[in-house]
Amino acid sequence: MVLIRVLANLLILQLSYAQKSSELVIGGDECNINEHPFLVALYDAWSGRFLCGGTLINPEWVLTAAHCDSKNFKMKLGAHSKKVLNEDEQIRNPKEKFICPNKKNDEVLDKDIMLIKLDSPVSYSEHIAPLSLPSSPPSVGSVCRIMGWGSITPVEETFPDVPHCANINLLDDVECKPGYPELLPEYRTLCAGVLQGGIDTCGFDSGTPLICNGQFQGIVSYGGHPCGQSRKPGIYTKVFDYNAWIQSIIAGNTAATCLP
């Protein structure tokens, strides 16, 4: 029965890509409750303050942005509304955290990826299921889905009760360079959004997935302030370039390094 529900949820996710890109994380529409079973909420263990998002990639592992690291945080899986709990929500602590050992700590954009091992495996359910690592790199022009509990207004931050979703496009790096002269090829990032502005991830969407043509291709990393500016699309960590590192860590090779 759980398998049937998981397959149904994945179908909803696929259908979401057929929608027009009129849904905004900034001032936009709520995600369907069944389209994000892999979405994880990271929050401060003491205050309960929401910190970041993440993505469940198997029963024991979550992928997020390195800049989301915090001393004391918990992870909530299977969540949708902050006020109304799903019956199958589960909470986990980080058992181990892995950041690329060759990351330049003074560069936020460099290797902005963190792999978290949960203190115990989660049980898959109607609202909890993984998102697989990408089998191939994304193509420029791909339709991509963004989602998160981050701000839905660009300047004065306004946070929604449920995650908001939007469709954007994967852009050529050349189109992003004018807005981000600090962006270097070795940062291994993707650029995605709408060049005229108005559709974007925003504050506290960090760590959430960029899903292009159904594949987990990026992690929300960086962007302009205020959010949604023209010529300033979002910057995402390119997950495909870290596949080998992720798989090595999960297999037990905790000394593995990322590509330069």
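Just so you know, glycine gets a Cβ as well, placed from its N, Cα and C.
Worth saying up front: this structure is predicted, and the values here are computed from it rather than measured.
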If you follow Swiss-Prot, the disulfide involving C191 connects it to which of the following: C176, C212?
C176
Scan C68, C100, C144, C165 and flag the one Swiss-Prot records as disulfide-linked to C258.
C100
Would you mind checking which of C31, C68 shares a disulfide with C52 in Swiss-Prot?
C68
C227 has a disulfide partner in Swiss-Prot; which of C202, C212 is it?
C202
C-alpha spacing of D112 (active site, charge relay system) relative to C212 (disulfide bond), in angstrom:
19
Spatial separation of C144 (disulfide bond) from C191 (disulfide bond) - C-alpha basis, Å:
11
In angstrom units, rounded to an integer, how far apart are the Cα atoms of C176 (disulfide bond) and S206 (active site, charge relay system)?
19
Compared by Cα position, which of the active-site residues H67, D112, S206 is the closest one to C144 (disulfide bond)?
S206
